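Participant: Mind looking over this structure? Questions follow.
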Amino acid sequence: MAIFSHQRHHWAYVWIPIVGAFIWFGTLWAMLITWLATGRPHYVSMAANQHVPFISDIAADILKPLFITSCTITAISFILDLIIERYLRHSGRLMPNMRTRERVFSSLAILGSVIGGAGLILLSIFDTRRHKTLHDSFLLVFIVGVALSAIFTVVEFRWIYKDFQYAPLLKRSYWMKSIIAGILIILAFAFAGTEFKVVNVGGIFEWIIAMGFTFYLLTFYYDLRQSKGTFDTDEAEDVDVDDYDEEVMMKTIPGETKGWGEDVEDQASGLANKDLARASDALENMQASGELAPVVTVAPASPNVPPALFGAGGPMLKRFDESTVASRKGSNAPSPPPSVKGIGKKVAKPDYSEQKIVVAMVGLPARGKSYLSNKLMIYLRWLEYDVKVFNVGQLRRTKARQKAQKLGVKENHTAEFFSHSNAQATQSRDKLAEESLEMLIQWLKEGGNVGIHDATNSTKDRRAKIEARLAKEKGMTLIFLESFCDDPATIAANVELKVSQGDPDYKDMSPDEARKDFLRRISEYEKVYETITEPHLSYLRIKNVGEEVTMSRINGYLSSRIAFYLMNLHIRPRNIFFSRHGESQYNVEGKIGGDSLLSSRGMQYAKALPALITDNIGEKPLTVWTSTLKRTIQTAQYLPYTKLTWKSLDELDAGVCDGMTYEEIEQAYPDDYANRDEDKFNYRYRGGESYRDVVVRLEPVIMELERQENILIIGHQAILRCLYAYFHHLPQTDLPYIKIPLHTVIKLTPKAYGCDEERYTLPINAVDTHRPKPKAAKQPSTHSTTQRQYFVEEEIKPLA
């Protein structure tokens, strides 16, 4: 098997249908204009009662050389369109025709085009004036040949579309061809019925059909254009994979400037954009003025990219990856000694009991405070910190619901309740904020690590009260996190999200009324809002969710970790695609780990993947991340995008069990087999890793994923399980049992309070490597929600 050594771009063949259609359409208009400009002459070949000439009547006169040339070019163009499309499907640069019947119909469509093209050329040579019988015969050959070609093409597209129903471009192409071909065939029957009986009507039908054929030709431009930038797999046979490890793979290590056989700019330069440039400038200014606590950063390859400790392509990431080289095994793992029993061990959860941090949110409503709270909670929980958000708004609504249920009293929580001129309401809101803080402190005392106080905390007085209260508690660190936003589009989107997702505050209001009331609430807060300027406080101030970050007095390991994570967030629309490598030879043999090549079905998947991804991402930029193992690199080889390899994305290391089947492991190490089934997340192979170890080494990947926009990760089962669990906020106990099947692309679309998910399974068979959770009546659910919670999850103390 081989790796393709260069990336093809948008070749000239996509213009063939444009050239053919343009020449055909131009010739028709040239003949029509000539006939009109010369006074609508009655040609010799026309019937006595005929006023509308057939195309061939005009073409048999002085324009015959033009007509022959035009018909020849159009015929060749038509034939080439179908041949090239067939080739592109075979080579994987368009959605492949997976079955024999589709390939047969594709060949029949080409044969029909050859017959029709030959008929077109011959009818132009044997004109209707001198060779009427031959001309009419070749006209029939042309119409029948093109009609059969169109029918075979449409049926082929129908079958392909049934295999790839999630491909909107393919669907659009199928419907365009179906509609245009259907109309032309119906008109052809009408033409056949009127050509000799109602010649003027027949002439009109002929002109309409000829003009319409132009649009059928143009549909092939739409098809061929979908192969833009993809790889030619038939020419991908010039570099041996066995030689690839040392020769080519080293060229794609993050931080290097060579990759995939051609000179490229530093991989990180593709990440530059205006938003990141502004953030970079702001960070540099703060660093220079002393506002920003010094951090160790790596100079980015592009001046437009803000500093990233673990940026893809950065030296620190390279050093981080190289530090794990010793943990990887080759594809030929040594057979472990059969006498060894119980060689693995369980990894204990890290002791974070001394970590006690209060993150107090600051900001006006609709500024992204709850978004930041939720993201921080998910990230830290993924790293196994005990984290909880104490949302004052949830507490307010929960208490109001209790009061309504118990006492039948419905509180008014419209904008008036949030006015600081309303003394009673202000006192009530202050009491709720204090109660929420007390609940948070008690929770930390009971063993929690990070409590997030999600409230406006919008005045210096309120922040001073929080500071004073926490000063009484030993060992608790206070950090204020201000979310400042002056982007009208972001604010408008947040307001719309607030009033459209079922906020109980606006249950009995129309959307317009709710929107107006919420804007009045924001206005009430704006009257007293004071941004953080207190020099003695520890705080982060984030502008427009990632556009600019200010830090002050951030000290300590976990505090710095929180700050670094928050610096990498953004809210630009994006998609994250996950795909396992194609089926490998080890998958077929039932072996785990190793560094095997793809099976024949795995190669089919690699060839089909570019069309699927291109169809979903369109013209948007995309970066492909792979591990350093051959099977992921092989799977990515035909994708027409920038590629980066990450050592951190290598599969979970099975240590001495690498290259064994589960049956062999059970026989050689029955104790370890049982222990891993009992606690798969914590079990660590001897000389290898546990799922917990993988989560730790994937932290830099998560950081970079949060910085990036559209990313496709071609990885391994355990790796994608960990990343999937992060984005869907799934518990660690369920993480090792998430189903990530082969030959399936998972598309995640991050939203304010979760991720939307779509799955696309290609119709290419593969083995099932999923092992369900032992002794579990119910398998782990991967369902997640993007809906915001409006009430406290657990019961709070009832009203007295």
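Any Cβ shown, glycine's included, is placed from N, Cα and C.
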Participant: Please find, within the list 66-84, 560-578, the residue stretch that TrEMBL describes as transmembrane segment.
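Facilitator: Here TrEMBL associates transmembrane segment with the stretch 66-84.
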Participant: For Arg631 (substrate binding site), which residues in the same chain are close in space, meaning a Cβ under 8 Å from its Cβ, but six or more apart along the sequence?
Facilitator: His581, Gly582, Ser584, Asp595, Ser596, Leu597, Leu598, Gly602
Participant: Starting from the substrate site formed by Arg580, His581, Gly582, Glu583, Ser584, Gln585, Tyr586, Asn587, Arg631, give every other residue of that chain whose CB sits within 8 Å of the mean position of their CB atoms, in sequence order.
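Facilitator: For the substrate site, the extra neighbours are Val588, Ser596, Leu598, Ser599, Gly602, Thr635, Leu742.
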Participant: Tell me, what is the mean pLDDT of the domain '6-phosphofructo-2-kinase' (350-573)?
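Facilitator: Average per-residue pLDDT within the domain '6-phosphofructo-2-kinase' (350-573): 89.
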Participant: Could you give the maximum C-alpha to C-alpha distance in Å for the residues Arg580, His581, Gly582, Glu583, Ser584, Gln585, Tyr586, Asn587, Arg631 that bind substrate per the record?
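Facilitator: Farthest Cα pair among residues binding substrate: 14 Å.
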Participant: So what's near the transmembrane segment (66-84) in sequence-distant terms, Cβ-Cβ under 8 Å and 6+ beyond its ends?
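Facilitator: Residues 13, 16-17, 19-21, 23-24, 26-27, 30-31, 59, 106, 109-110, 113-114, 116-118, 120-121, 123-125, 146, 149, 153, 217, 220, 224.
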Participant: In sequence order, which residues at least six apart in the same chain have a CB under 8 Å from the CB of Tyr586 (substrate binding site)?
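Facilitator: For Tyr586 (substrate binding site), the qualifying residues are Ile592, Gly593, Gly594, Ser596, Gly659.
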Participant: Around Arg580 (substrate binding site), which residues of its chain at least 6 apart sit with Cβ under 8 Å of its Cβ?
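Facilitator: The answer is Ile714, Gly715, His716, Gln717, Leu720, Ile740, Pro741, Leu742, His743, Thr744.
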Participant: In the same chain, which residue numbers or ranges, 6 or more beyond the ends of the transmembrane segment (12-37), come under 8 angstroms Cβ to Cβ?
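Facilitator: Residues packing against the transmembrane segment (12-37) from afar: 53, 55, 58-59, 63, 66-67, 70, 73-74, 76-78, 80-81, 84, 207, 210-211, 213-215, 217-221, 224-225, 227-228.
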